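The next block holds one structure in the form of structure tokens; read it before the comments.
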Amino acid sequence: MSQQGYVATPPYSQPQPGIGLSPPHYGHYGDPSHTASPTGMTKPAGPLGATATGAILPPGPPPPGPHQFGQNGAHAAGHPPQRFSGPPPVNNVASSYAPYQSSAQSSYPNSMSTSSVTQLGSQLSAMQINSYGNSSGMAPPSQGPPGPLSATSFQTPPRPPQPSILQPGSQVLPPPPTTLNGPGASPLPPSMYRPDGPARPPPPNAQYQPPPLPGQTLGAGYPPQQANSGPQMAGAQLSYPGGFPGGPAQMAGPPQPQKKLDPDSIPSPIQVIENDRASRGGQVYATNTRGQIPPLVTTDCIIQDQGICFQLSNTLTPFNNTPLYLVNHGESGPVRCNRCKAYMCPFMQFTEGGRRYQCGFCNCVNDVPPFYFQHLDHIGRRLDHYEKPELSLGSYEYVATLDYCRKNKPPNPPAFIFMIDVSYSNIKNGLVKLICEELKTVLEKLPKEEQEETSAIRVGFITYNKVLHFFNVKSNLAQPQMMVVTDVGEVFVPLLDGFLVNYQESQSVIHNLLDQIPDIFADSNENETVFAPVIQAGMEALKAADCPGKLFIFHSSLPTAEAPGKLKNRDDKKLVNTDKEKILFQPQTNVYDSLAKDCVAHGCSVTLFLFPSQYVDVASLGLVPQLTGGTLYKYSNFQMHLDSQQFLNDLRNDIEKKIGFDAIMRVRTSTGFRATDFFGGIWMNTSTDVEMAAIDSDKAVTVEFKHDDRLSEDTGALIQCAVLYTTISGQRRLRIHNLGLNCSSQLADLYKSCETDALINFFAKSAFKAILHQPLKVIREILVNQTAHMLACYRKNCASPSAASQLILPDSMKVLPVYMNCLLKNCVLLSRPEISTDERAFQRQLVMTMGVADSQLFFYPQLLPIHTLDVKSTTLPAAVRCSESRLSEGGIFLLANGLHMFLWLGVSSPPELIQGIFNVPSFAHINTDMTLLPEVGNPYSQQLRMIMGIIQQKRPYSMKLTIVKQREQPEMVFRQFLVEDKGLYGGSSYVDFLCCVHKEICQLLN
């Protein structure tokens, strides 16, 4: 961590010492009194100079005037209060996509205006990646560093641009700023892009032609793409005639043909990922050195725990699948510091021959308990150092004593309760029958401890519509018994003995029940349902059994029956893009908030499977699953033959995953900084205890730290995360993770060590949390400002002197702009009425519990060229950038983002591939309704199915496959995920956003 301050974290509200920039002129997330807080910061172990590597854009004149960035692109404006004045008109610019039908143009607004392409080409025609140690790419010394900032630089309107500044030729006047055409960027002369060596000759530029209108003749179409994603060659130098529409150059004569900016000239996430894999993939990453930079989350490597846990500095996955060593000190319990209560770990320093130890967190000197005493060797290390996990490993577990248990008695094993909505629609579409049939299978695979033969988890069953039906499935019964609770206002559990049972003992009765449930309600015409009383009933049942547990609820409609938690349809599109839009993300009633609090208090986690055919108010229904550490699954317009496999995969994975119950987490830090905010599926009654009814291997908690005192470069910054939880066998345990970070007084060290993937995870969660309280346009504005502020701080304090108009990016953060733009274009932050309110609430909840690897893929999807597949290799084909320009008519591409999977087929796809994958004679015969590829016994099919399996197995959600043919209407859905392009529902392209950020930086540095 840097003693000079920090760069990365919202909210920015006060000037930070040492950064050298005045405070940006905008608001913050959440509480206005909330002060700035750093995420974890590291520096590399080796010595560093005052400079660091970076990405440089060649010099040009500084951009004229301030600008803003809205959900529909970057645009110029005056002051922050005037930003985001509402959705732009969509009828004044023609769409860059070929319309599939006459109505498609209005449904999918403009992608990018022609004038925007012109001026953006001049602005960002090339980029260099250089080390400041080299003379190449550096500005002449005579240019000097930018002058110091004054306090007025954020408040005083800049002078209007002077026409006399413009030079004839390659430089152009920016177009008039609008919300559609992007930023009025100033031109920059091109140079060569050199990721790993000298520049090479440019390749011939292939011009892209849009898909033809119906009835038109096919032209050259998409340009052919290279199969690999290695270092890209530099593009030709571009010069653009004319200025803004109606300017002198356009009025003087016919417009000249415009050249398209080569996107290979700007930093590529794919290149960064591939470079890291090439240099660190498959290697052993030992954690014995404090503060070393870990591989990217997209790189597979071998982690060797040697005293520091492998966690990204501000995002913790407390319950990953890695088996840990178990330490049992019997009735004495774990050894802890007397002052700060930190647990024994590698950061404790033993003294006085082993009789005392100094706490690494608070420096308190403690006596070693007699049972724990051991002599020291010649370097002051205990003789049993490598025999004790808590002294030699970064992650391990303790067996907790009764002092750590509720009511000072051992907990009972947890229970699973399955709660099925048996309303009319679920019975008629076959969903209830599908669930009952599948439960027979998955109950055989209830999670159990490795040494146990059978699972200790008990199970129970409830069905419901307007009333609740409890089932007695005691093992000595010949037939299951049903008891009905009609008083949903005051729910009670009508039976204790026989409701929660051991599956193995009551298997025959349970199977009998699951066979009967579809028949029992076959003639039901009840369409109204309740929801809050269902959760209440499950929690009361677990409370009566004195055990933690998990509710699996299968629900499909808005709960409109008279009962607590009754909801009404409030899907009001008029609220979109107004200050009241935040209401759509808040629960309708406080019933669900108080219900979640009670569930956490009793260790009751809720997982919800939703099957909506219309609006169901996910913001309300999903609140309890989110706050209790459960999971929300949503299958909109569920169709048995298309969606059942995805649902069944999710159900199986959720039941079988590793999980802990009734958990409390506390994060302790060494002096000088502290944890101030937490993001995830959590509940907090106090400012320090993070409570979770359950925690599983797919959930992550992101922590914000505040640097509020002096830090030492010698001792570094230490973090200990302790999670107290109950295992699936009913044992109380403490899981400990220890992390050591370096401290530095040099900002360059901080930027050198930045983890961009973790930063985006943090920004996404903090922004999505702020949605509940602040207007979306304010949040978008803050994200753009903070991106610019981070990069401006680097430019001012770390970069070598260069022209003020150069865009210089830290090497470790050169893909921050593209990732931030992907976040801004996510449907949660886009205020557009075309996007389903439930879908926005659903994705918001998903991101709040995502780990770094999942959020990286979610915001920047993986796009693989399947037509380059080597059937003799088991490796995945090299990914390409998420842009329409990377697609080719003769290609087949697989796209995955963790929720969705698409197989895109070019109109000229190779017939042998089509036949090999789909077992049909031609492109025209492919059935795009299929969600599973047919099992064809040939290498192409087997290889593709293997690749899909590899992508899927690492992800918490089952991805439904969608087949997309080029130039057919469903392709519009696919195009939403080409995140480097202009968004279909608004949102700037990567190039637009980079220009926007560049102008913000110049504004900050002026």
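Glycine is no exception: its Cβ is also placed from the backbone N, Cα and C atoms.
Listed in TrEMBL for this protein:
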type     : residues : note
COMPBIAS : 44-55    : compositional bias 'Low complexity'
COMPBIAS : 94-109   : compositional bias 'Low complexity'
COMPBIAS : 110-137  : compositional bias 'Polar residues'
COMPBIAS : 186-214  : compositional bias 'Pro residues'
DOMAIN   : 334-372  : domain 'Zinc finger Sec23/Sec24-type'
DOMAIN   : 411-654  : domain 'Sec23/Sec24 trunk'
DOMAIN   : 660-743  : domain 'Sec23/Sec24 beta-sandwich'
DOMAIN   : 756-855  : domain 'Sec23/Sec24 helical'
DOMAIN   : 874-948  : domain 'Gelsolin-like'
REGION   : 1-269    : region 'Disordered'
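Broken down by DSSP into helix, strand and coil, the domain 'Sec23/Sec24 beta-sandwich' (660-743) contains 0 helix, 52 strand, 32 coil.
With respect to Cβ pairs under 8 Å, the domain 'Sec23/Sec24 trunk' (411-654) is most closely packed against 660-743, considering the stretches 334-372, 660-743, 756-855. This prediction places the mean pLDDT of the domain 'Gelsolin-like' (874-948) at 94. Across the range of the domain 'Zinc finger Sec23/Sec24-type' (334-372), the DSSP-based residue counts are 6 helix, 11 strand, 22 coil.
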